[in-house]
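Novice: If you scroll down you'll find the structure; I have some questions about it.
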Amino acid sequence: MAEPTRARARSKASAPSAAVTAEAPPSGEAPADKIKTPAQPRTRSKAVPAGTPDAQAAGGAAAKPKAAPKAKAPKLAPAEDAAFLDAATDGAGAAPKKTAARKAPAKAAVPAETAPAGPAEAPAAAPARKAAAPARAGAAKPAAKANGTADRPYYAHASIQELLKAGKAAGVLSSEEVAAALSAALEAAGLDPESAEAFEDMQLYLAAQQIEVQDLDEDEDDDTEEETEGGTAPGAAAQEDDEEKYFDDMPRAVSNDPVRQYLHEIGRVPLLTLEEEIALARRIEEGEEARKNLDEASDDLDDRGRRRLMRQMEDGAAARQGLIEANLRLVVSIAKKYTGRGLGFLDLIQEGNQGLIRAVEKFEYRRRYKFSTYATWWIRQAINRAIADQARTIRIPVHMVETINKLTRTARQLQQELSREATYEEIAEAMGPGWDANKVEEVQKVSQEPVSLETPIGDEKDSFYGDFIPDENLDSPVDNAAKTLLSEELEKALSKLTEREAMVLKFRKGLVDGREHTLEEVGQRFNVTRERIRQIENKALRKLKYHESRTRKLRDFLD
């Protein structure tokens with residue numbers, strides 16, 4: 001019984017010292033008698049014999065009361081307090097959530113003995129949540145930039161403003177209208193009218209203005225599938241399934257838009273990876289080799305060998321068809337950049353498909369290039385060639401089309417710099433050596449677009465453009481009147497001659513069909529010799545010369 005009594009006496013002796021130590025708070029804190037400490041939870045403890053390790057640990061904890069003020073929980077706002085508790089709950093692996101919430105009251109100091117392990121790790125977890133806010137703010141900057149027009153002065157062009165006005169009124173625009181207006185604005189600003197980045201920025205700007213662009217929805221979905229390797233987004237997959245189900249259930253006759261039908265059909269073909277493209281290209285090559293072997297050694301092959309080569313040829317043709325169908329969406333994405341240049345959208349797609357077929361024939365898979373990278377140049381070349389050959393009523397050579405585009409850009413750039421129309425000499429100087437004013441004028445004449453003479457004019461469209469174009473080959477009314485009077489006087493003068501003499505003079509002087517006939521031709525007509533026709537002509541002229549009264553009025557027309 002002596003040992004327990006001695007332990008109780010030691011604990012009583014240490015209590016006053018702890019109280020005395022608490023009266024000397026650190027500088028800047030309130031006195032110890034004003035500090036409110038939360039009531040400690042009552043816990044039943046078993047009597048520990050003195051001298052044991054547990055008793056020494058208990059005595060050491062009681063002997064160091066200075067650690068309690070350092071473990072105060074910081075005073076937090078309600079929102080920060082909730083985040084603090086969440087971070088503490090997530091970071092503390094030893095304490096459950098309910099215990100942490102119960103033992104960490106807000107706006108109160110917590111003694112070191114009862115503080116949970118979670119708050120000690122909270123300062124390290126809180127900055128991680130705050131660091132997420134700048135990331136979200138930075139993610140919103142590109143969208144705000146895409147919707148702004150401060151860095152795109154060409155948006156103030158008249159064509160863009162008219163496009164926006166029409167789009168806000170109708171709520172929808174076609175891709176051809178957007179491409180035409182944007183190309184005009186870019187050319188006026190001296191920029192590349194074929195810029196794909198500008199077209200994409202224009203789409204984002206129209207979307208921000210709540211204006212829908214038709215014939216591009218399927219293409220945007222296709223571009224998303226190309227950029228996403230792991231499949232479509234979680235929400236986009238269900239929407240795509242609903243759209244496919246809607247189009248599958250819809251009758252064929254309901255949709256009258258051929259472009260939308262075509263885009264819907266090609267959208268069902270999945271895209272290819274690099275390995276799949278190489279496998280298809282290898283099968284195509286094997287099919288071509290089988291065709292050559294069949295043509296060269298058709299007589300020496302047996303039925304089994306011929307059937308084997310035929311199967312390889314069919315497999316190569318199927319692989320060729322698969323490679324073409326999987327890249328039809330690439331043609332559409334390129335063709336939409338050339339709208340508004342004289343060819344319809346479907347015509348551009350068809351010409352681009354011709355270039356795609358050519359690219360499949362020339363593709364070399366051993367170079368390990370992506371097929372789309374290689375096929376893009378063939379598609380663009382086919383579309384540019386078609387525009388040069390078919391867009392104009394009067395064909396212009398391809399090199400002349402490039403010269404016209406360069407001259408047009410130079411003239412517009414000079415107009416912006418000089419604030420007036422540039423002269424031919426100024427344009428020739430800006431074009432470089434080999435150019436003069438005459439060449440600039442000739443190129444501008446070539447660049448003029450032909451206009452139909454049957455173009456309606458006026459609101460009622462009751463007259464045509466050809467009615468207002470003068471014919472420079474026609475004679476004036478005065479000349480027509482003079483010719484009429486002259487022909488009447490000639491008829492009066494020739495009426496005094498015989499019929500044969502009058503006809504010979506008419507053929508020889510071109511009064512019948514406007515062409516002077518030779519003596520041989522007139523003689524064949526009258527079945528006489530050339531000499532006889534000459535004699536008849538001279539006799540008729542002498543008669544007219546001797547009778548001045550008949551020829552006096554004819555001399556007046558010579559004046």
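Placed from the backbone N, Cα and C atoms, the Cβ positions cover glycine too.
Per TrEMBL, region 'Disordered' is recorded for 1-77, 91-150, 216-243. TrEMBL lists 12-27, 49-66, 106-146 with the feature compositional bias 'Low complexity'. Positions annotated as compositional bias 'Acidic residues' by TrEMBL: 216-229. If you look up TrEMBL, you'll see 323-393 marked as region 'Sigma-70 factor domain-2'. Positions annotated as motif 'Interaction with polymerase core subunit RpoC' by TrEMBL: 347-350. Annotated domain 'RNA polymerase sigma-70' per TrEMBL: 518-544, in sequence order. The DNA-binding region annotation in TrEMBL covers 519-538.
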Novice: Quick test of the contact rule: Cβ under 8 Å, at least six residues beyond the ends. What residues does that give for the motif 'Interaction with polymerase core subunit RpoC' (347-350)?
Specialist: 262, 331-332, 335-336, 338-339, 383, 386, 390
Novice: How many helix, strand and coil residues does the domain 'RNA polymerase sigma-70' (518-544) contain under DSSP?
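Specialist: Split into helix, strand and coil, the domain 'RNA polymerase sigma-70' (518-544) gives 23 helix, 0 strand, 4 coil.
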Novice: Across the whole of the DNA-binding region (519-538), what does the mean pLDDT come to? Round it, please.
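Specialist: Averaging the confidence scores along the DNA-binding region (519-538) gives 91.
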Novice: Based on DSSP, tally up the residues of the region 'Sigma-70 factor domain-2' (323-393) by helix, strand and coil.
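Specialist: Split into helix, strand and coil, the region 'Sigma-70 factor domain-2' (323-393) gives 56 helix, 0 strand, 15 coil.
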